[in-house]
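What follows is one structure encoded as structure tokens, with my remarks underneath.
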Amino acid sequence: MVSIRPDEISAILKQQISDYDKSVSVSNVGTVLQIGDGIARVYGLEQVMAGELVEFEDGTEGIALNLEDDNVGAVLMGEGVGIQEGSTVKATGKIASVPVSDEMLGRVVTPLGQPMDGKGDIPSTESRLIESIAPGIIKRKSVHEPLQTGITSIDSMIPIGRGQRELIIGDRQTGKTAIAIDTIINQKGEDVVCVYVAVGQKAASVANVVEVLREKGALDYTVIVAASASDPAALQYLAPYTGAAIAESFMYKGKATLVIYDDLTKQAQAYRQMSLLLRRPPGREAYPGDVFYLHSRLLERAAKLSDAMGSGSMTALPIIETQAGDVSAYIPTNVISITDGQIFLSSDLFNSGLRPAINVGISVSRVGGAAQTKAIKKIAGTLKLELAQFDELAAFSQFASDLDEATQKQLGRGKRLRELLKQPQFAPLNLAEQVAIVYAGVKGLIDEVPEDQVTQFSRELRDYLKTNKPEYITKVQTEKVLNEDAETILKAAINEVKSSMLASA
């Protein structure tokens, strides 16, 4: 017979009571009412915040965007194939954020900061909110330092400064991305962190950009954020904000950064798709009413910070694709009004062989002039005006039979200037080379060079200066001015190259 020992029973009960954990885990949970087209309608989630991350049963994440009386509209950031009506949804209590660290340089990441280049995890100890407030007025400083693109026509006529927002706008296949990639390549050795955001592009195009940057040695200081055409609309909408957050993390550490949004037209289309599926009222061109705010809050994050804030900067080059050159459409006019100038690329100029196909007449930089280096400012002051006058004269000369000598001379110089400004892709020029080319054209030193040999002259002049006159290159690159000594060397070099070319012709 088993003997009952009361002391043992009481000891076990005391042990059980002491180990009892009465804490209750409370989580904000809802139920899926409807799912489809990347949108979920969820009942419950009473305590959810606007923009909060929610987690579905199958592990898919979403963002709560519409907080209505009886349900919550959430956009999915994944396929969501395992989600069905009645599935549970859990609020995470977190707003969308992205991990940031120096280890991101040279990597390709998703809009949530996850690596997608097969090189393993990215170690990081801190994260930044994807949506954060732009620096205030007191935290800023006026744009005063140049950001050289390496493209002569831009650096001489439409200069860009650190902290500026300069729009690149044009039809498809006019070289918009090429200008952006050239600008990244030209930052080599300049201690500028670059972020390239690809929105709604073909995965093959993004892979091509990565390969070009790797070949040119530019991937080491570049982060690529990719949301390709096959990704959900929510990720395409988030990608530019992720790019801005990554750039901000470097900017607030006192570094100069450059962000390229390629392109914001596709981001607006992804946002339109989400808004219409969430049953928000459509406005002009079926875009929602807050599509202006979509872009303004993104581009306002670009800034040149004050000395007290560490003097960092974030320069933004948003890209917009137009339809048949129509810059008066809704999204182009919105972004033109937000940015500090635009570089307009024309398909007619592109097809006529002018690359980069920049329409100088309607391209403008509203603040970059203050940041332009003295060397190029001194000689390029009249360049834009001369080219604009040449365009007018060229149009007029088509109808005139006999032109006077002065007009013919002006037309000849205009044509040579046009030829000088042609530049191959992925071959940015340094400041000294740009100064030499523009000087030769503006001062009329190549008026005797045959028009079809101007490109050859430009190439030979650059080679001659590098091999025979390195002191000129060093002087202009370090001092950023074209003083009398440098000008004398340059003039002699131009005449030398010109003489040898004309003699061999």
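Cβ atoms are placed via backbone N, Cα and C, with glycine included.
What Swiss-Prot says about this one:
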| type | residues | note |
| --- | --- | --- |
| BINDING | G170, D171, R172, Q173, T174, G175, K176, T177 | ATP binding site |
| SITE | S363 | site 'Required for activity' |
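Those residues of the chain, other than G170, D171, R172, Q173, T174, G175, K176, T177, with a C-beta within 8 angstroms of the mean position of the ATP site C-beta atoms are E321, L345, S347, F350. Neighbour density at the Cβ, taken as the number of other Cβ atoms within 10 Å, is lowest among the binding-site residues R172, K176 for R172. Ranking the recorded positions Q173, T174, G175, T177, S363 by other CB atoms within 10 A of the CB puts Q173 at the bottom. In the structure shown, the C-beta of G170 has more C-beta neighbours within 10 angstroms than that of any other entry among the binding-site residues G170, D171. Looking at R172 (ATP binding site) and S363 (site 'Required for activity'), their Cα atoms lie 17 Å from each other. Cα-Cα distance from S363 (site 'Required for activity') to G175 (ATP binding site): 15 Å (rounded to the nearest whole number).
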